[in-house]
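Enquirer: Straight from TrEMBL, here's the annotation block:
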- B:230-446: domain 'ABC transmembrane type-1' (DOMAIN)
- B:6-23: transmembrane segment (TRANSMEM)
- B:44-63: transmembrane segment (TRANSMEM)
- B:126-145: transmembrane segment (TRANSMEM)
- B:166-187: transmembrane segment (TRANSMEM)
- B:223-249: transmembrane segment (TRANSMEM)
- B:270-293: transmembrane segment (TRANSMEM)
- B:305-325: transmembrane segment (TRANSMEM)
- B:358-379: transmembrane segment (TRANSMEM)
- B:426-450: transmembrane segment (TRANSMEM)
Amino acid sequence: MTDIAAGPRRLSSTETVRAGLGRRKRHQIMLQGLGLAAISFAFLMLATLVGSLVMTGHKAFTQTHITLDVYVDPAEIPAAGLPRGGFRDVMTAALAERIPGVESRAELRALGAILSNGAQFMLRDRIVADPSLIGQTITMRVPVSDPYDQLKKGLIDRETPEAFRRVKDQEIAWFDTLMAQGAITEPFNWALFRNADSRFPELAGLKGALIGSAWALLVCFLISFPLGIGAAIYLEEFAPKNRVSDLIEVNINNLAAVPSVVFGLLALAVFLGWFGMQRSAPFVGGLTLALMTMPTIIIATRAALKAVPPSIREAALGVGASRHQVVFGHVLPLAMPGILTGTIIGLAQALGETAPLLLIGMNAFITSAPSTPFDSATALPTQIFIWADSPERGFVSRTSAAILVLLTFLVVMNALAIFLRNRFERKW
Amino acid sequence: MTSLAFSLLFALAIAGYVWNLMAARSIRQSGARMHSLSGFHGMYSFLLAVVPVMVLILVWQVLKGPVIDRMVLGGLPPGTLDGVNAGAVQLILSEIKSLAGGRTFGTPEDWKIEAAERLVGLRQTAAYSLVGLVAVVAGGLVLFARLRVGAEFRARHRVERIVSGLMIFCASVAIFVTLGIAGSLMFETYRFFERVPLTEFLFGLNWEPQIPLREDQIAAEGAFGWIPVFLGTIVITVVALFIAIPVGLLSGIYLNEFAPRRMRAVAKPILEILAGVPTVVYGFFAILTVAPAIRSAGAALGIDIAPNTALAAGSVMGIMLIPFISSFADDALSAVPQALRDGALGLGATRAEMMTTVLFPAAIPGIVGGILLAVSRAIGETMIVVMAAGLIAKMTINPLDSVTTVTVQIVTLLIGDTSFDNPKTLAAFALGMMLFLVTLVINVFALRIVRKYREAYD
């Protein structure tokens, strides 16, 4: 036998590769799977976030109302005594008309609690506006108070033992009677947009916050837009490359990353402390937000200016324009869509910014909308913060609703930015 | 009155513009060869009037309040303010102001009513003199600009110089802001360390920011050691990174290399949405959904979890940081030259092997830079922790426990309290100083890594 003993056969390299191929493919699939899982996790979280807000928030877009025939009793509300009068008693009496058998004062008080605290003031405003209503019977639709609103929306479990429930069995029976009479309706909650803040959830609205935010954004825009564009044009088109412009660049990049609460500290110490500006004023809020938005606008403007091809500049210079004329007559108009897109995105960020506004006191409890930027006001995000902090159950859904309003504004602003970019952006 | 001053200024400036424009045009029509276009003569007049008078009005507004206050206090009958401390003087002043605003509480003393009347008079005088001053100065400047109109006058050069000056001012605002932040923080922090020793703040293990209500009150001294607060910040940051780094990196890798183009086009904007959600919304999400979910999960497992556990705030913060890290990872991977990909694939590596052995190591500096920026964000993030984390500073690293953070303390110490003369409010500025310094160092470091790495391949 001259055969060479059959030792372990050496694998050819193709076979080595083939042997490992399954494992390597599994690795690839695993990495892909992990990546997919990661992205799905992020999407799931976004969906949970939006879903939980919509689930709790959509209920605040309607408000339970009760329709009553109110006899404006001249004995309770004498014309001479306006604007004072027993408006609450008149409203309660109108309610007692519908529920027979409520006699004792304690029962009447409990029955009256079905009505929102604002109901008496609605009656008062209506009668003060038209005193001839005294002595007549008028039909009024007023909001019910928070516990009954929750009851109507099914947020109070009727099965809970009475001791642990906010509305008692008797009160539920009254409410069901009113339901059966068709007095209870649940229309769109206009108060959410028409009213300013209130301690009572059923009366609280976002008007003050919306107007406060609008003022603050206007001030922010008026300050940060010119400053940002001026700074960006200088740095991009005119600044000599030296230490000073390097320093400014580093500064702008760092400012963009400074925590927002630090800007609040700056505003508190400098604007309120040293300059003695008004606390809680949207003007100061806008000023603070402008400082934070400016770096965003500068960075966006510089990118937009850079995207304008040099041939434009050279052509303009070639026909005798000065450098300023080149920039302001040709480069800047061409860069405008990019600048506006960056500005809108910056303003959208500013709209959602909360921490600096808290420090300058825009989280005060203010029950009227500001008429100038120097009046005390809240802003949309700080109003969300206030409501999130409120103990009343009704504010939970209202907070979610306010967040949905805020997110709607942000989506609209970002959509506008994307539209501008797609519509006017030029490819060179 | 201020708006009247502004409108007057702009009316005068626009009139100046038109006036100069007309003058320049008529010179041109008379056949002279002008150095500058007529419009520049007009702009010269406009800018010459607007810029200095605008500065004047702003300075006036800033100085008006304090000057009038001082004049009112100076005009009080001699002896009224003897031995009254600064806080009480402020109280008297605000009482006088509310009297002047027509809001009377109780029966004020006669000298207060008198002072209020003087305050009203002074305010009126100030308003009239501002309008007068604006009219005179702006009118004078417009007149001066008109006198300079001529064929030889280099209006364009003047205008461009003014505009350049304005732009340099705009660019330097960034420096002013940084200086303002550093200056105001340092000033208040210095006042804090006049009251609380530096060593106690830096090395103290107790954080109980209280101030004695009465002079002789015992056991309300307060303790200002920032270590437990900082520890809480670290705990929450670590929890956040535990979620954000793996999820962010893996989704960045997937989007960069494996995702079909159409999915990438959809997934990137959706991730951007997560980045655009305001933090106050995340805060509410934490208390509305995440914290109860964690608590009930804990109850199911038999673990006792604090109501405002660091886990809730941290994990929500982690969700917020996912898009941040994923887009940094995506950018860093895209910046790796195509040649490296081609080389790895050409040698027979699978795409996963190319990613883990070639692309990822090459992109690590950029990714680390992004992670560092995310860390600085997590440390400085305010609303999520204000709403979902605790208020009591504890020396613990247990994420199930409730911890507090630097930003929470800043906000809670300063909400509704503006007197800057006690260690409690000043402590917020000391914390703000530390926050600013820590994030600044991380940011500078991270930006340097990112930039250096980019240059290496370009």
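Cβ coordinates come from backbone N, Cα and C, glycine included.
Any TrEMBL annotation is an automated prediction that lacks curation.
Tell me what's around each of these sites.
Expert: Residues of the same chain lying 6 or more positions beyond the ends of the transmembrane segment (B:44-63) and with a Cβ under 8 Å from any Cβ of it are 2, 5-6, 9-10, 12-14, 16-17, 19-20, 130, 133-134, 137-138, 141-142, 144-146, 148, 155, 158-159, 162-163, 166.
Note on the transmembrane segment (B:270-293): residues 251, 307-309, 312-313, 315-317, 319-320, 322-324, 326-327, 381-388 of its chain, located 6 or more positions outside it, place their CB under 8 angstroms from a CB of the stretch.
Below 8 angstroms of C-beta separation, residues 233, 236-237, 240-241, 244-245, 248-249, 253, 257, 317, 321, 324-325, 327-329, 331-333, 335-336, 340-341, 343-344, 349, 406, 435, 438-439, 442-443, 445-447, 449-450, 452-454 of the same chain, each at least six residues beyond the ends of the transmembrane segment (B:358-379), sit close to that stretch.
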Enquirer: With a Cβ cut-off under 8 Å, give me the same-chain residues at least six positions beyond the ends of the transmembrane segment (B:166-187) that come close to it.
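Expert: For the transmembrane segment (B:166-187), the list is 51, 429, 432-433, 436.
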Enquirer: Which sequence-distant residues neighbour the transmembrane segment (B:6-23)? Criterion: at least 6 residues beyond either end, Cβ under 8 Å.
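Expert: Distal contacts: 38-39, 41-46, 48-50, 53-54, 57, 131, 134-135, 138-139, 141-142, 145-146, 149.
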Enquirer: Taking a Cβ cut-off under 8 Å, which residues six or more beyond the ends of the transmembrane segment (B:305-325) line up next to it in the same chain?
Expert: 232, 235-245, 247-249, 251-252, 271-272, 274-275, 277, 279, 282-283, 285-287, 290-291, 294-295, 298-299, 367, 370-371, 373-374, 377-378, 381, 384-385, 388-390, 398-403
Enquirer: Which sequence-distant residues neighbour the transmembrane segment (B:223-249)? Criterion: at least 6 residues beyond either end, Cβ under 8 Å.
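Expert: Those are 196, 200-209, 310-311, 313-315, 317-326, 328-329, 367, 371, 374-375, 378-379, 385, 389-390, 393-399, 403-407, 409, 423, 427, 430-431, 434, in sequence order.
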